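Asks: Encoded as structure tokens, here's the structure I'll be asking about.
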Amino acid sequence: MDTKIGAVDACNPASNDVGCLPNGGVAAMQNSVPSTLVNSSEATLGRHLARRLVQVGVTDVFTVPGDFNLTLLDHLIAEPGLNNVGCCNELNAGYAADGYARSRGVGACVVTFTVGGLSVLNAIAGAYSENLPLICIVGGPNSNDYGTNRVLHHTIGLPDFSQELRCFHTVTCYQAVVNNLEDAHELIDTAISTSLKESKPVYISISCNLAGVPHPTFSREPVPFSLSPKLSNQMGLEAAVEAAAEFLNKAVKPVMVGGPKLRVANASDSFVELADACGYAVAVMPSAKGLVPEHHPHFIGTYWGAVSTAFCAEIVESADAYLFAGPIFNDYSSVGYSLLLKKEKAIILQPDRVTIGNGPAFGCILMKDFLRALARRVKHNNTAYENYHRIFVPEGQPLKAAPREPLRVNVLFQHIQNMLSGETAVIAETGDSWFNCQKLKLPRGCGYEFQMQYGSIGWSVGATLGYAQAVPEKRVIACIGDGSFQVTAQDVSTMLRCGQRTIIFLVNNGGYTIEVEIHDGPYNVIKNWNYTGLVDAIHNGEGKCWTTKVRCEEELIEAIATATGPKKDSLCFIEVIVHKDDTSKELLEWGSRVSAANSRPPNPQ
């Protein structure tokens, strides 16, 4: 029987993912960097941490105050290059740091001990799943309380301060508990550099009585971070390229598919370099949308099995060789393990590993090095793209709406498509927005983000806050379902405080529609809110905000004209009222397949 890719995650050596600084540049530590003396009042642990954050590209830190972190926050906000963004809750602060890291390359949040740490934990887990460098800083107990058998508030009532630390062990790649000043400098530097190198979140706990204390190790400006790069094994690289070139050059109609780990491998440019050289048809997995330019002449769309964009799956699955760069084959991306792929036809690239067919596998090879080297060895072969071009039929337009007809979702996204440009970015919430936003064609320079691996509903509110804060020059367009919005709505308040000019499309269809299509029940129906009234109450006359409800195409056109015209400098909240059963056809297909995968009976023992 054929081995199917997607039946299992065939690409698991993920713990060695390669991280990079935001600008992609890494170099060896320098020994002769001149250091500058720091004023004694600024030679504190808190200011050192602040300077380190600014140095790696964090100019905004997302925080929720608590008694254990207040002094630390004083010293962080005293740093001229660091802006404090106070969030409404810890979960959103973590989501905001996630969104920020997607644009800047690294993000940071600060919360208080245990009650804050366990609240932010879900967001940190999501960042871990998406391979995002995120620095989670917690204000910890007084250093004198360690080892005393005392019971502290904000804990579960046991004289053990390790509960929070133990929880973070599984969702961070490094944990630093700073409860003395002697090794604080080393612990902080190790944590931040590990986050950048591994492209994963880290946890730093700072005892509440240490943040404002001067120490000789903080008396000089820290040597700038300059990390030693991971390097490919040259012999292995040459052997892997030789084997891959032979594999691909004998294929009749090979294709390329980009996956989400292109980001962590810093390999998007190299992927395009190979695409330019080989002439293959180029597709992306759904969670890689935005990582490969869709204006590329051989781009054929999103490969997502049965719910792929039109004609894409047929070309990929009929190919006799496919190169997957940085894929994640889970139950969602494989549409309930239903991809029609064969392992023996595939080259699977992970950030530092290459597997060709059923073997061989080559380790210690960076994806970007492999793609660049392979570009010089493959023969040009545009057969698959020519086949796509031959069978392609342009997508039809939604049926013309009758005057004042209730608005349909496909009409909504037709108008959102027309709003996109290089000066915009799209944030898609978990739910039907996944499928509708996948069909958007991204112009050159248009950003795109969503959280597929973890799929936490409500992620987009905080992520929109963080992403917009990181790239104020872009107008962020967020597409959020009403069920997801109810989870994290509060931080629209923070968007207003920060003067952001995001456009939020709140799709109000009365429930958790994505869950309905997987398994329906009364629990998927939610209490309807007056969403524009809620945002107006949050606005409360402070900041620039404009809200409206739309029920038909005419009102939608007018709302978009206002949001992009007179209210272009305001946060615009457009509540879109649609029928509860108005979903994309892709969600219907995907939901039934995921439902079938979830409901498989137990295998007999």
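Positions of Cβ are set from backbone N, Cα and C atoms, glycine also.
Below are the features I grabbed from TrEMBL:
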type	residues	note
BINDING	Asp482, Asn509, Gly511	Mg(2+) binding site
DOMAIN	44-149	domain 'Thiamine pyrophosphate enzyme N-terminal TPP-binding'
DOMAIN	241-359	domain 'Thiamine pyrophosphate enzyme central'
DOMAIN	451-576	domain 'Thiamine pyrophosphate enzyme TPP-binding'
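Give me the local environment of each listed feature.
Replies: Of all the Cβ atoms in the protein chains shown, 25 others lie within 10 Å of the Cβ of Asp482 (Mg(2+) binding site).
The average per-residue pLDDT of the prediction over the domain 'Thiamine pyrophosphate enzyme N-terminal TPP-binding' (44-149) is 96, rounded to a whole number.
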Asks: Within 8 Å of the centroid of the Cβ atoms of Asp482, Asn509, Gly511, which other residues of that chain place their own Cβ, given that this set defines the recorded Mg(2+) site?
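Replies: What remains near the Cβ centre is Gly481, Gly483, Val507, Asn508, Gly510, Tyr512, Thr513, Ile526, Lys580.
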Asks: Please list residues from the chain of Asn509 (Mg(2+) binding site) whose Cβ is under 8 angstroms from its Cβ, counting only those at least six apart in sequence.
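Replies: Those within reach of Asn509 (Mg(2+) binding site), by Cβ under 8 Å and sequence separation of 6 or more, are Gly481, Asp482, Val578, His579, Lys580, Asp582.
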Asks: Once near-sequence residues are set aside, which residues in the chain of Gly511 (Mg(2+) binding site), 6 or more away, have Cβ atoms under 8 Å from its Cβ?
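Replies: When sequence neighbours closer than 6 are ignored, Gly511 (Mg(2+) binding site) has Asp482, Gly483, Asn524, Val525, Ile526, Lys580 within Cβ distance under 8 Å.
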